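Step one of this worksheet: look at the structure below.
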Amino acid sequence: MTATLMDGRTLSRQLLESTAERVTGFHRSHGRRPCLATVLVGEDPASHTYVRIKVNRCTEVGIDSRRFDLPTLTTTEQLVRVLRDLSSDSAVDGILLQHPTPPQIDEHAAFEAIDPSKDVDGVTGTSFAAMAFGYRGFASCTPAAIMRLLDAYDVPLSGQRAVVVGRSAILGKPIGMLLLARDATVTYCHSRTTDLAAHVAEADLVVAAVGVPHLVRGEWIKPGAVVVDAGYNAGNVGDVQAATAANRASLITPVPGGVGPMTIAVLLAQTVDAAERHG
């Protein structure tokens, strides 16, 4: 068996095109364009690259973008003040705090300074609760991107056994909740899990989201399973040993070109959602 690649690039392009059409309609109706404010603290090269890509995608679809670059030694209090100011700015529809932030920053406090109505990255407690209880809100972008990929490839979820490797607040935990809402049977695995291989071997769907290169070995994958690799590590490799996993899985996301492009497209789509709610 050779797995079919889940093409995040093509799907993201389709979502960006539909988002651009929505931006045009919003501009026609409201006389302004949706606006995304991006806040970046420090000089991390990867973070600067990610922000540049997001700003470029905003330009492509017609979303106004504001970029705020803060010094590496910015304090939590200073960052919170910036985020609160943006939250109260009626011209801003969405706010993205690029993470990870420098170690002196209390990231939780920073996230909670974002108005939930502008939390288009889905990082506040309010957004997390909305995902858990099925309320209207903004899903964390990478989990939402994964769900779109699964739906695009008609992956059945109800009654299926899903194993999520990773328990971060913005990826592992929320993707598990979204899968649970679709009636999957979800198991979380993490650094303290014993016999990870046995858990993975029972999964119909594996979501790897732990940030450890090739942690999930290809021979662990159940024949015919679906594998979503949300990891992105040095050397352009994911959390899954892709070469061997592809010989057992039915569907697998490539790294790069799978989850990443869809995540950015979801961010922009949710920015337009926020603008439409703000009016």
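Even glycines carry a Cβ here, placed using N, Cα and C.
The NADP(+) binding site feature in Swiss-Prot is assigned to GLY166, ARG167, SER168, SER191; the stated evidence is sequence analysis. Under DSSP, GLY166 (NADP(+) binding site) is assigned to coil, being neither helix nor strand in the three-state scheme. Taking a C-beta cut-off of under 8 Å and a sequence gap of six or more, GLY166 (NADP(+) binding site) has these contacts in its own chain: GLY172, CYS189, HIS190, VAL207, ALA208, ALA209, VAL210, GLY211, ALA230, ASP239.
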Most Cβ neighbours inside 10 Å, all chains, among the binding-site residues SER168, SER191: SER168
